[in-house]
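Taken from TrEMBL, the feature domain 'ABC transmembrane type-1' covers 55-235. According to TrEMBL, the transmembrane segment annotation covers 7-26, 63-84, 96-115, 121-140, 165-191, 211-231.
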């Protein structure tokens, strides 16, 4: 309850300021919808079920791109993190590609994959891949050499070394990359759906904007924010659960 109180107070304050600005700001209600109008727009989509369809589709795309990026990036990071010479070759390439916004690739992505689910999934994959890869490589390089010497005494295979020693020891630092990747992937999910999708929360925003239904735009933005918060809380819980199993501490 001590944690919930300040959060509720913050939301109440935000809504109060929002309502005050909508009343005293001299803005057209259609251009700056008040909280009640946004709530009504959200209730309409809840009643007809459309908001749940958009949420389901967006989450499917998000998890498809994000989880695939995590698996690929962690596997590559575990391997190249142990192979310094190979990483020395790959690192400049990664550093050149990493700052490029996934949206910059959208003309190619749409041409290659068409419209629908794949463009958004690919954009999410790109957004999540580099934070996880870099955090994994950095984590592997910082694994205590004592663990590696003990593993060498037991003549572990390279696969078992990575699976049983390196990955658990590196996970707290990898978790930092998971957090960064989740936020980045969720942001670019919406952007990706605005470009090449015919459904989802990003598409809902564009469709509502085109019909000048800014109350629905604001409602969709709120839903996106709440879902993002829930996803962040979920991954933090998962991180603590894994760290507890391995007897470590989360980052």
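We number each residue from 1, going along the chain as drawn.
Every residue gets a Cβ built from N, Cα and C, even glycine.
Two recorded stretches are said to be in contact when at least 3 C-beta pairs lie under 8 angstroms, sequence spacing 6 or more; the transmembrane segment (96-115) and the transmembrane segment (63-84) fall short of this definition. Packing against the transmembrane segment (211-231) from elsewhere in the chain are residues 30-33, 37-42, 45, 51, 54-55, 58-59, 62, 182-183, 186, 190, 201, 204-205: each is 6 or more residues past its ends and has a CB under 8 Å from a CB in it. Most Cβ pairs under 8 Å to the transmembrane segment (63-84), among the stretches 7-26, 121-140, 165-191, belong to 121-140. Using a Cβ-Cβ cut-off under 8 Å and counting only residues 6 or more beyond its ends in the same chain, the transmembrane segment (121-140) has close neighbours at 61-62, 64-66, 68-70, 72-74, 76-78, 80-82, 87, 94, 97-98, 102-103, 105-106, 109, 113, 166, 170-174, 176-178, 180-182, 184-185, 187-189, 191-192, 195. Note on the transmembrane segment (7-26): residues 32-35 of its chain, located 6 or more positions outside it, place their CB under 8 angstroms from a CB of the stretch.
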